[in-house]
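Now, the feature entries from TrEMBL:
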- 27-49: transmembrane segment (TRANSMEM)
- 42-293: domain 'G-protein coupled receptors family 1 profile' (DOMAIN)
- 61-88: transmembrane segment (TRANSMEM)
- 94-121: transmembrane segment (TRANSMEM)
- 142-165: transmembrane segment (TRANSMEM)
- 197-222: transmembrane segment (TRANSMEM)
- 243-266: transmembrane segment (TRANSMEM)
- 272-295: transmembrane segment (TRANSMEM)
Amino acid sequence: MPFSNSSELSPSFVLASIPGLEAAQSWVAIPLCSAYVLAVLGNGAVLLVVRAEPSLHAPMYFFLCMLAAIDLALATATVPRILCFYWFGSREISFAACLLQMFLIHTLSAIESTVLLAMAVDRYVAICHPLRHAAILTNGATAKIGLLAMARGVLFFLPLPLLLLPLPFCGSRVLSHSFCLHQDVMNLACASTTPSVVYGLTAILLVMGLDAVLICLSYLLILKAVLRLAAWRERLKVFSTCIAHICAVLAFYVPLIGLSVVHRFGKDLAPLVHIIMGNVYILVPAVLNPIIYGVRTKQIQRRILSLIHVADRA
């Protein structure tokens, strides 16, 4: 039955199930739940360690805390709802809840992209202008960058749900993922979606696309500065301070690009591919970032090991 947003029947969408595994979804949810728990514990540990360790009270680790908080929020905005579907069969999501989830996913992704750019700039200043690093990236400047990242994400992606509000929806209400994304919801509309298509693509290019270009530019300047050093050992030592951030950038942008490619060019792909790519996009950065920085940062390693030791003694 066709329906519109103004309908008294409270329109809703249907989350995508795993093709061929509908009867076993409760078992499939176990690794998904495990990944979510790992993301919560890992990012929560990063927040606690940076707060408790005075030697980590520096811009790079404040940005890391922002990254951890964003990953926690993004995973929490999606995974519990997916688990409710897989375990309890709650497959329908209301139009209002879908728009809210969609707004949170895109806004938090934009904020994470901005924070990754800020971390790239921090590495550039620390390596290319080390004597000015403390003066340029003060704690106050770091806080302002965090607020600017939030404002940027909200301002660019708030119009996405607003553009979908007046559209009528009819025919199929089944989404391609187990959560709501702008492209997915937009494709179910019965009217012209040209404004949504144009604005959505523009917002992604001006935020994630521009950030990716500026991150690459930062690393080109870093590489240029590193190659000026005489000794290879010194070059490796300096560049090794960027390894964790490079891994975090790849953990964010590779799933993002993969999901975008699937949406734009993968209409003939199996539905399972869409579901897997969606879950990878949501969970991979949240799971990997604490591991990456835990392995690369000795202070975080020591603090976490001491906490585990205290817990064992208790």
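The backbone N, Cα and C atoms fix where each Cβ goes, and this holds for glycine too.
The model shown is predicted, which means the values in this text are computed figures rather than measured ones.
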Range from 27-49, 61-88, 142-165, 197-222 with the greatest count of C-beta pairs under 8 A to the transmembrane segment (272-295): 27-49
Maximum Cβ pairs under 8 Å to the transmembrane segment (27-49) - stretch from the list 61-88, 94-121, 142-165, 197-222, 243-266: 61-88
Integer average pLDDT (0 to 100) for the domain 'G-protein coupled receptors family 1 profile' (42-293): 91
Stretch among 94-121, 142-165, 243-266 sharing the most Cβ pairs under 8 Å with the transmembrane segment (61-88): 94-121
When counting Cβ pairs under 8 Å to the transmembrane segment (94-121), the leader among 142-165, 197-222, 243-266: 142-165
